[in-house]
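Asker: Dumping the structure here so I can ask a few things about it.
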Amino acid sequence: MSELEQIRLANIERNKALLAALNLPTEAKKESVDPEVAPKKSRKRNSARLESPDDGSDDSAPRTRRKSRRLQGLDPEANALKQEDLGGSGELKRLMQQLNGGVKKERLSGDLSLKEMLTKTGLDEKEWSASLGQLFGDGSRVSQGDFFDEIVKKEEEDTKDIDIKQSRDNLSGLQLGKMSKVTKERIYITAVHPGTDKRIVLAGDKIGVLGIWDVDSDNEPLQLQLHHATIPALCFDQNSNDILYSASYDGSVRSLELKTGKSGDVLDLEAKKNASVGVSDVANPQPHLLYASTLCGHLIRKDLRTKSTEYETLILGEKKIGGFSVDPINTHLLATGSLDRSMRIWDLRATETARTIPGGEVIDTQFQMPHLQAIYNSRLSVSSTDWNLAGQIVCNGYDDTINIFNQSDYFLDMLNDGNGTEPVKKTRRTRNSKLAEPEISDQELPEIKKPSVRIKHNCQTGRWVTILKARWQQQPLDGVQKFAIANMNRYIDIYSGTGHQLAHLGDALMTAVPSALAFHPTQNWIAGGNSSGKMYWWE
């Protein structure tokens, strides 16, 4: 007999002894049936369902039934085995103690701390707090703007900036002046006419309708069917405020003369074979020059004096560009926010044949790629970027943060690799003098380590709310650089370029999130459109 067989037989005998010590009543023995000689069951389904199964047991024999210890007046939590039933078996006692864990079960009551509820006590307080923060996102559905009153109360003691306090008083006093149904469907983009004599708001919706609302008039807003798909971007012409450019997911950019109502094709991507269709953003930084981004990572550079089918294609990536912005001072610099989880700054003066996208992806070599000036890697996709006159870039995305980058972040910090390299001295930025840009080695990826200001903000819009985008006031008369962004709790948050919150605007009549926001370029007027096509005007 082999050693393995001896161990098996010993286990069988030990198990029999343990069962005998339990003194359990035995059930009526069932007739054993040899599986080899057992008759095959009939496949007649109907008759099999009506006939009762015959297992060979005697119906008259008494059967063991389970009994409730509670109905018998016994403690249901007590151990079913009495001490004398153990038969003095030390092995069985040891097994039962292992099953029960050696601890009597008791109901938990009162307030319990999170540390008391942890099953593993090997982690210290900092470790389990960090673990929970990773699981639940550290309260990702909370925005800093929700605590505006507490922030103001604290900053009044610390902040001595008179401009910030005065701007906060002015913006916090804005009131909901008017509201109107401007478009048929969800508003994707809002623009405020730069003029001050008449307050006009324009909005592009989901089905390609452009809504024009005269705030000072009681007439119904005008609705124009400019495109047959979503309008995600609007911008005014550099030479004339009465010319509006609208971009659409149908792959076109059109111009509209507001005074005459005449509209024409500016860019048509569908007319060219194998072209990238779907325009996500548009800008007119210089006279006769138009930039447009696509849903597949391309940048279109268009001379407005040429035909709509004539343009230059630059490749910036393989994924959707959610939005871009051109530096208002150095118009050759462009910042993009993309679905590839990055914010990138490009120098459009130098281009080369594209071989690989920064990051290693192999791409089509038929297009040119501009020089990559700097890159900031985000945890999730970046929804938008916007540049102001002070050289600051604001971007936000699905990582629930608003990031503000100063000049020192994207021109200087990327050169300091931690080896003691001295950064380049700052150059004062004016309209007449452009910032001298440092040369960057092509062998090193110019990565921005962190922003100058980071603000917690809930950007989880879901399916029915337009993506939130932070937008600067282009030319503030009070000299305070500030931007506005919608709050998912149906508010409008306004922040300064230094990260100070200036206002938290809300009203009982604003019953939906004004996700598509726009500042007037100079005045403290704000327009916000929601998912039902309604527009709110704050003044």
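For all residues, glycine too, the Cβ spot is worked out from N, Cα and C.
OK, Swiss-Prot features for this one:
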{"type": "REGION", "residues": "22-89", "note": "region 'Disordered'"}
{"type": "COMPBIAS", "residues": "27-39", "note": "compositional bias 'Basic and acidic residues'"}
{"type": "REPEAT", "residues": "182-223", "note": "repeat 'WD 1'"}
{"type": "REPEAT", "residues": "226-268", "note": "repeat 'WD 2'"}
{"type": "REPEAT", "residues": "316-356", "note": "repeat 'WD 3'"}
{"type": "REPEAT", "residues": "377-415", "note": "repeat 'WD 4'"}
{"type": "REPEAT", "residues": "462-505", "note": "repeat 'WD 5'"}
{"type": "REPEAT", "residues": "508-539", "note": "repeat 'WD 6'"}
Asker: According to DSSP, how is the repeat 'WD 3' (316-356) divided among helix, strand and coil residues?
Answerer: 0 helix, 25 strand, 16 coil
Asker: Taking contact to mean 3 or more CB pairs closer than 8 A (sequence separation of 6 or more), are the repeat 'WD 6' (508-539) and the repeat 'WD 2' (226-268) in contact?
Answerer: no
Asker: Give the nonlocal contacts of the repeat 'WD 1' (182-223) in its own chain as ranges (CB under 8 Å, at least six residues past its ends).
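Answerer: Answer is 229-236, 241, 244, 246, 248, 250, 256, 258, 464, 466, 515-523, 525, 527-535, 537.
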Asker: Report, as numbers and ranges, which residues of the same chain sit near the repeat 'WD 5' (462-505): CB under 8 Å and 6 or more residues beyond its ends.
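Answerer: Contacts with the repeat 'WD 5' (462-505): 141, 143-146, 148, 151-152, 155, 159, 161, 163-164, 166-168, 170-172, 174, 176, 186-188, 322-323, 328, 383-384, 386-390, 392, 394-396, 402, 404, 453-455, 511-524, 526, 528-529, 531, 538.
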Asker: Going by DSSP assignments with H, G and I as helix and E and B as strand, what are the residue counts for the repeat 'WD 1' (182-223)?
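Answerer: Going by DSSP assignments, the repeat 'WD 1' (182-223) contains 0 helix, 20 strand, 22 coil.
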